[in-house]
Structures are given as C-alpha cells and as structure tokens.
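Trainee: Once you've had a glance at the structure underneath, I'll fire off some questions.
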Amino acid sequence: MTKRFFDTIPGSLITPEPIYHGRREWLKSLALSPLLIAGCKAESTAGTQAPIMPDAAPLQARRPSAWDTRDEQTSWHDATHHNNFYEFGTGKGDPSRHSARFKPRPWSVEVAGLAEVTGTFDLDDLVKPELLEERIYRLRCVEAWSMVIPWVGVPLADCLKRFKPLSSAKYVAFTTVMRPAEMPGQSYPVLDWPYREGLRIDEAMHPLTLLAVGMYGRVLPNQNGAPLRLVVPWKYGFKSIKSIVRIEFVAEQPVTSWNAAGPDEYGFYSNVNPQLDHPRWSQRTERRIAGSGGSLFGNRIETLPFNGYGEHVASLYTDADARKYF
Amino acid sequence: MWPKDAIGAAKVPFLLLCLLPLAGIGWDIAHQSLGPDPVAQLEHRTGDWALRLLLATLAVTPLRRVTGFAPLLRFRRMLGLFAFFYATMHLATYLIIDLGGFWTQLFAEIVKRPYITVGFLAWAGLVPLALTSTRGMMRRLGRRWTQLHRLVYPIALLAVLHFLWLVKSGQKIAVREPLVYLAIFAVLMLWRIPWTRLAARLGLREPPATGSPAPQRR
C-alpha cells in the first residue's frame, strides 16, 4: 500500500531563480518536455539515453546552494562513463555498457524499522519533484580519483523526518535492489549481494547528505544509480549507495557491503581522510576527473580532510578516533 | 634450418608487431580516446604489455622445445627488451604523469605499499638484464650471463604479484585477470622443472638458454 506525506507546495512559494548552470541543456529539456510529459512510461523506451527530466518544472526552482563547490565540473560524458557500480560489472565502463536493461520505473521503497511510520512508498511520494535542489558536490572515490557533479535531489533528513524515527534509531541502513536479470554483475559473487550501506543517524540527518534522483538537471542514468541514490560528499564514494529499495532505522551499526568484504580496508565510517592511507595505496592525493576530460597532465591534487567539508561535518566526529573508527 | 637472411628479415615485421601496442596508445592519446581517466588507462595499458611480453620471453624456450623450431630463440632478446621498454613507460607514466609534482609521495609509496615496492623491484631487476643484452656483454660475461639472466624468473613473479596486489581485495572477480597471468607464469615455470630434473638424473647439462651463438643481424 502506498502512503502519501508530502503536501503540495503552492507555486507562489517557489522563488524562481535564474539557472546558472546547464542553462542551455535546461532550455533544450523544456523544448522536449511536451513529448516526455505525455507519460513517464515513455522513459523505458528512451533506454540508456538518460531521458531529460520528464517534468522539467522542478528544476526551475533550482537555486545556488550554500554547499556548492566552485571546482570545475566533470563532464556529463565522463560522469556517466566512468562508474563503479559492480551490479553492472567491475570495469569502469561496464555500468554504462550493461545497464540498458535495467528498469528504474516504476519504483517503490520499503521503509522499515524503528520509526513511527513505515511501509512501502512510491518514489514520487518519497521525493517530491517540487522540492528538488541542485547541489554541486565533490565526489571522492576510495580508489583515489574524484569528480565534481551537480546532483539533483532533496536533503535525506527532509525525507527521513517524515517517518518520525524513534529515539532508539541510532543508524539508518540502506539496501540496493536485487535484480540479477537486469543487473548482470549480480550473477557473480563479487560482493555479498544485495549491496548494503549505512549511516549513523546524525550523519543521515546532516544537511549535506543528499537523496538524489538526478544529476546535471536530468534524471539519474541507470549507471549512476537510477532512480534513487545517496550522496554523502565527505565520505568515500562507495558509501553513496545506488538504486535504493529499502531504508531501515536500526539500533545497532548495520552490516555494510565493502566493510564486510574487506574490514581492514573499508571502514564503516570511511570519511575521506588524507592522513589515513588505504592499506595498499595512499589517500593523500587524488586524480581529479574534470573539465573536458582526456587531459593527461596536472590532474593530481591534494585530498582534503572530509573531502573539503570538514567545517560542516568534523564536529560529528570529535570523540571518534579516526584510526579506530575509520 | 632457416637461412640467416630469412630470420633477419622476419625480425622487421616482428619489431613492428611489438611496437603495435605503443602505436595504439599513441593513437588514443592523439584522439583523446583514453577515456575519462586517461592516466589510469595509460598505466594499465603499458603495464599489461610489459607483463605480457615478459611472459612471452619465458614462453620462448618451451615453445622452441615443443616445436623444435630453433630460430624462435632469436626473437627472445627483442621480446625482453620490449618488455623492459613497456615497463619503463609504465614506471615513467606513474612517476611523471600520475604523481606529477607530488614527489614526496613516491618514497612513502615505495616503502609502504607492497605492490609498488614489488613493481619497482621488478623494473629495477630488468635494468641489468637490458644492459647486458648486447652481444658484447654476452661474450664478456660468458656463463655468468646465463646465471644473471635467470633473474627473469623472480622478476616475472614480482610483476605478477604487483598486478595481483593492486586489485581491491574481497572480490573474486577482480583478481581473475591477474590470476590468469599467475597461471601462465606457473605453467611456464612448472614446465621447466621436469626438464632440469631429467637432465640432472641423466647426468646431462641443460643446454645454455642463450640459444645458438650464430651472429645476429638487427
């Protein structure tokens, strides 16, 4: 059964702001929108072509966020052709090649555990298009490369609060969809499927933590975690779980996939930390994949503590010993 | 027996064949088609070819014994030198292009990370082999040349380990590719064991691995 929580926000409350990034793309999407508004179902026929937002209107409310980085953005092409999404294969190019069969619509998410409100919710009820924001975040992979991506989504906290988590809920556990027929990588025992991730409740409620449904003003492509993913910019990329089908409020630290696969290499917290090397490679610097791509020189930059978001999130970890709770 | 001229002539297309991976890399650089992370691609491609050619040099002796085609040995030096060439490109890509100005990181990496240490040792081991690959050095070192060039076995093992250790742990799939190389290395090494034992038992000496001392044209 589907429950509804969101009140429709009157259009008069939405302040229209000039769209400063991807303006031309957005205009293009406007031109196309009459075709696509006809039915979101048309999306599946669009395949991996990453359909333009079916309802372009919410993007009109995009506003510069206080969290935006001014770093040069990664190109759409690079951000959609260099992915770690092992459900579609372990190569960086596998997700873009092998995700065409995946059907991100219709989509519902099961909310369970220590909260007053639980149940199964349709994606559109979970993330209301009117509330979408754009956030330009740095994304730092544990493999020491990074990107700068304009996400479209809502703060996870805004979504979670509506379920009224109980005070006993200390962590939030997330699960990726399990569909071996559509996700060829799941037929191989690369990880203990389905993929699982988790956050401490204060991390989940932090205003930086984003529940994303789009990027670059468009619906998330399959290879980037369609239709719903997490973006936790101060943690290594694998914490930002993709294609979420289940959210559970729990009392104990949940099992997470990479931590289970290599506890010495991938901690539960996995905050970006240049001082704490991966056992087999340094985390002091990173290769930034940005701009037009294909550049051979000058890509290496210093990695910042908490991926540069320390002033916002360091206070969450004042007691924690970074080595013990890495 | 092939006429010497035919072998000499065959070396030219063989040399071009060994240069093909380089041409492919050059093409991709020129056309910016190395993908979103070109530096990593460059490292992978040069590393792959260094390892492949290194294992190819180890395959020459078994192949010659199986086929009985002695002129194969004449191509081994070129294979070895190209393995060193691609390994040097691999190291240079890492040092100059990837690490860029972050030189201090290098020393920390070589000391702290086993896979980089092992990879660097493999390259360093190839240096004396490349330097003594000339006919003059071969003659000057005599039997010690053969002993020195047995270094290629531990070097190949280090190169395979370098690959094996750099993939993410906890996944069976990711180690599949380096395990293929390890298997090839193991087969090539195991193949050698019965021969040496047999030779020892029969009181025979193993023929020198350097092949025929006939003069070579390049």
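Heads up, the Cβ atoms here are built off N, Cα and C, so glycines get one too.
Because the structure is a prediction, the values reported are computed rather than measured.
Grabbed the feature section from TrEMBL, which reads as follows:
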type	residues	note
DOMAIN	B:46-160	domain 'Ferric oxidoreductase'
TRANSMEM	B:12-29	transmembrane segment
TRANSMEM	B:49-67	transmembrane segment
TRANSMEM	B:79-103	transmembrane segment
TRANSMEM	B:115-131	transmembrane segment
TRANSMEM	B:151-167	transmembrane segment
TRANSMEM	B:179-195	transmembrane segment
Trainee: In the domain 'Ferric oxidoreductase' (B:46-160), how many residues does DSSP assign to helix, to strand and to coil?
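Mentor: Each residue of the domain 'Ferric oxidoreductase' (B:46-160) counted once, the result is 102 helix, 0 strand, 13 coil.
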Trainee: For the transmembrane segment (B:79-103), which stretch among B:12-29, B:115-131, B:151-167, B:179-195 has the most Cβ pairs under 8 A?
Mentor: B:115-131
Trainee: Do any residues, 6 or more residues outside the transmembrane segment (B:151-167), come within under 8 Å Cβ-to-Cβ of it, and if so which ones?
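Mentor: Sequence-distant neighbours of the transmembrane segment (B:151-167): 47, 50-51, 54-55, 57-58, 80, 87, 114-116, 118-119, 121-122, 125-126, 128-129, 174-175, 177-179, 181-182, 185, 189.
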Trainee: Who are the long-range neighbours of the transmembrane segment (B:179-195) in its own chain, taking Cβ under 8 Å and residues 6 or more past its ends?
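Mentor: Contacts of the transmembrane segment (B:179-195) (Cβ under 8 Å, skipping residues fewer than 6 from its ends): 51, 55, 58-59, 61-62, 65, 153, 156-157, 160, 163-164, 206.
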Trainee: Is the transmembrane segment (B:115-131) packed against any residues at least 6 beyond its ends, judged by a Cβ distance under 8 Å, and which are they?
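Mentor: Contacts with the transmembrane segment (B:115-131): 80-81, 83-84, 87-88, 90-91, 109, 137, 148-149, 151-152, 154-156, 158-159, 161-162, 165-166.
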Trainee: If you average the pLDDT over the domain 'Ferric oxidoreductase' (B:46-160), what number do you get?
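Mentor: Across the residues of the domain 'Ferric oxidoreductase' (B:46-160) the model's pLDDT averages 91 on the 0 to 100 scale.
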